[in-house]
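Q: Below is the structure I would like to discuss, written out as C-alpha cells.
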Ligand SMILES: *Cc1c(COP(=O)(O)O)cnc(C)c1O
C-alpha cells in the first residue's frame, strides 16, 4: 500500500464529546458537517449516538443522507443552511429539521411542509446566516406559535475569550429571545469554553470533538502516516524537487514519501514543515508536489518505512500554524486517497 494511512480514534471523539458535555448543564449536540470535518460523518455520528448524543447538525441537506442511514430514525438531524428550494423532498423523506434563516425560508417551509419540524437561526452580529432583529421582530410571534425545535445563533469570535464581540452577541441574542418557550442555542466549541452564560439549552460543538483548538485539552483524534517510497543519497550541492528550491549543504539522505497537495498537504508547507520518525524530527526539503514529499532523513540511524505528519509529535493545530491556517482546514482538506483506519466503538 503506497497511500498514506489516516488513523481515526473514535474513542477519543467520544471522550471529547463527553468532556464538552460535562462542562455544561444542558444538552450537547454534535456537528458532523463536511463529512464529520473530514473524518467520516457516519462513523463519528454512530459512535456519538452510542455515547448518548441525540442531536446532530450538518451544513446542507445532502449531508444528512449517509447520516440518516447510519443513525436510523431516532436522532434529530438539523440543517444549518435551512430550507432551500429543492431541499423539500430530502427534508420530508429523511425527517430533517431545517434551521430557517430568513423570511423567505420561513415561507418556503410553511408552504411546502406545513407542520414539519423546524428551527430558527438568528443573526446576532456575524452577518452570515440568520434573521436580523428587525426581520425577527416582524415574524417572531407567528413563528413561535409553530413551536420551533430550536432558536439558535452563532458567535463570530468565540475562540478569543476576551473579544468584546462575545458579550455583544450574547446581549443581542438575549434581547431577541428572552422569554420565549423554545429551546435556545448559541455556543459551538468556543462558546462552551466561554462559560455558562453562553450555554442555554443546547451546545453545538464541532472542532472540539475532533481534537482541535480552541478545546486545548482535547484528546488527539487523528494520526497521519505517510509511507516511504524511495530513499537516495544526495551529494553536497545537489538540489531536490521542483524549482530546485532546496540544495544539500552536506551529504544527505532524502526519503521520497507518498502524499502531496492533492492529499491536503498544503503547498505552503514547502521547505517548512517537519515530519517525525518516532520522536525524531525530519525536515521536509524542497517543494510539496501533487503526490510526493521529499524529507531529509540524514540524521536518522535507520531507514524508516513511514513518517508521521500528524500525531503525538505534531497536532492538527501545530500543522495549521506552520501552514498559516486553522485546524479546521487541515482536517477538512485531508485527502480522499488516504487509507482510512477507524478504530474505537
Ligand atoms: C460549524 C458550526 C458549528 C461548530 O463549530 P465549531 O467551532 O467547530 O465547534 C456550530 N454552529 C454553526 C452554526 C456552525 O456553522
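Using N, Cα and C of the backbone, Cβ positions are placed for all residues, glycine too.
Note: TrEMBL annotation is automatic and uncurated.
Residues or ranges marked as active site, proton acceptor in TrEMBL: 33, 242. Feature annotation from TrEMBL assigns substrate binding site to 128, 290. Annotation comment: TrEMBL describes 221-344 as domain 'Alanine racemase C-terminal'. Taken from TrEMBL, the feature N6-(pyridoxal phosphate)lysine covers 33.
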Q: In sequence order, what residues of the same chain, 6+ apart, have a Cβ less than 8 Å from the Cβ of residue 128 (substrate binding site)?
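A: Spatial neighbours, sequence-distant, of residue 128 (substrate binding site): 154, 156.
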Q: Taking the Cβ of residue 33 (active site, proton acceptor) as the centre, how many other Cβ atoms fall within a 10 Å radius?
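A: Step by step: centre on the Cβ of residue 33 (active site, proton acceptor), count other Cβ atoms within 10 Å, giving 18.
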Q: Provide the three-state secondary structure of residue 242 (active site, proton acceptor) computed with DSSP.
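A: Reduced to three states, the DSSP call for residue 242 (active site, proton acceptor) is helix.
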Q: Restricting to the domain 'Alanine racemase C-terminal' (221-344), what is the model's mean pLDDT?
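A: Its mean pLDDT is 97.
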Q: For residue 33 (active site, proton acceptor), name the DSSP secondary structure in the helix/strand/coil scheme.
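A: It is helical.
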Q: Under the DSSP assignment, what numbers of helix, strand and coil residues are found in the domain 'Alanine racemase C-terminal' (221-344)?
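A: Within the domain 'Alanine racemase C-terminal' (221-344) the tally stands at 22 helix, 48 strand, 54 coil.
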Q: Name the residues of the same chain, 6+ apart in sequence, whose Cβ is under 8 Å from the Cβ of residue 290 (substrate binding site)?
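A: Expected: 260, 261, 262.
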Q: Quick one: Cα separation, residue 242 (active site, proton acceptor) versus residue 33 (active site, proton acceptor), in Å?
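A: On Cα coordinates alone, these residues lie 36 Å apart.
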Q: So how many other Cβ atoms are close to residue 242 (active site, proton acceptor), meaning within 10 Å of its Cβ?
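A: I get 13 for this one.
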